[in-house]
Amino acid sequence: MKKPHWLCVLSNNFIMTKVNFDENLCCNKSFINAIIIAIVTNVVNFFILNVLCSTTNYDGDIKLVDGPNEQTGTVLVYRTYGWGKVCDDHWTMNEANVVCRQLGMGQALEVHRRNRFGSSSQANYLMDEVHCTGSEKRLTDCRFDGWGKHDCRLNEEAGVKCAQKAVIINKPSWNPLRLNLSQLELEQMSKVDFKVISQQYNFSKHSPTFIPVLIETENGTKGTVCSDHFHSTEAIVFCHQLNVGHGGRVISMPIKQTGINTTNSIAIIGYCYGNETSLRQCKSYIDYNGIQCQTQLAAAVECTDNLPDLLPDRYSLETSTYIQKMSLWLLECALEENCLPDIVYRIIDNNPYNYTWMTRTLMRFSSIIENVGNEVFRPLEDPDNWEWHACHMHYHSMKVFSRYEVVDTEKRLVAVGHKSSFCLEDNLCKSGGVPKFRCSNVVDSKGTQGISPGCRDMYLHDYDCQWVDITDIAPGQYIFQVSFNPDFLVPESNFFNNALTCQMTHLGYTAVLRQCRFIHINDLF
């Protein structure tokens, strides 16, 4: 790539003078004034008309703007001392291929018209009626009506999506707090051996019994475990190890109330699957002198034998999938709940008055989840903290209940969705079961939320946010993955059945999910 070369351009009616200067000086006002004074005092009748700074782009250079990534966006072309737009009249895959080739981004995957990316640039149209064979090296090698000649109106900008391969995102090593340490130091901290030495601790006679997570290291140092990343999967292992239950609710408690006379926790423990026999088999970082935690609180667990267990329905997921195009004005509720990708909100910012008729491509599907455990699945938040959503006319009891992701064949995340517009209730129970939980659609009555054992909560394909936005991905083969209770915030007895991964075929006009199988949330891409 050419390094920017800065010019100060001084012009009058007769001549144009280009003087090379350091870029920090070029647009310095006092420096420009000094140049003007010098020229005026040394050149007779020299009249400065303009002073401007620019990089040394060349006529016909192009760039993409306002897209979700560097290989996607509205096409701009350079002419003289400014950038301009390309009109979408006769904008086909041939022209898009030339643009992508000129940018060094391979072939075009998609061709876009009608200001697909919501660009708000006030620049003029510089090219119109562009006709390429597809073999040209530069867009200006193609036939067009001439610089600045066009009959285009607002929102006729041309755009492309190129096939440049992004860097493959590998799953990072577990370092949840981004500890500012060398890899050698982290490896040493992860090798410190320890054993669990927890004892029961009662908050009061009327409260549940919580057990602080206490450990003793190989050199005899005793301490607490950070609460930051100790969640329900870690609780399963902890309770099994102590033989006091199958898991339970995790809370944060002051270190001084654990019986350990220290100021800081000495360990971070996490990334358990739930089938380990000891916390030592999970990921851990230990520092005898105290470890960096997000909060100065220690982890404690309320162990129990009775826990819920969510089980998504594979068959309903595979058989309910289809593609639907919807305009943004029909997705107002979804917009309020941030169900759409970031690019949509950028488009709205750029087009606050005419975005409503822009369309998105949605892959819809049903999510049916059964509680196969022996206890109610209850929302994380207490009813006092539930939020009323006027658009959907019910209370929301959790910020994220499920997460939807599309991954390409190179394990890159290309589309993301989540289900926040929900309320937990018993829609269908097994024979003999009686539904107990029902959402309220009245602001004055919060109702009850939860999923009873043996009952199903059903989010059908036509519900709001029951989709993932695939507008910006090309037809092809992908992996679709969906997870429920994805952050392990609500305790369950088993997390090996909380996620499904499916083979996804995007055909453009429809989508097919097949070979869906259960997978642990930790093993998702």
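Every residue gets a Cβ built from N, Cα and C, even glycine.
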**Asked** What residue among C132, C162 is stated in TrEMBL to be the disulfide partner of C142?
**Response** C132
**Asked** Considering the candidates C282, C293, which is the cysteine that TrEMBL reports in a disulfide bond with C272?
**Response** C282
**Message:** Let's check the environment of C132 (disulfide bond): how many other CB atoms sit within 10 Å of its CB?
**Reply:** 22
**Request:** Which residue among the disulfide-bonded residues C142, C272 has the fewest other Cβ atoms within 10 Å of its Cβ, if you could check?
**Result:** C142
**Fill in**
For C282 (disulfide bond), the number of neighbouring Cβ atoms whose distance to its own Cβ is within 10 Å equals 19
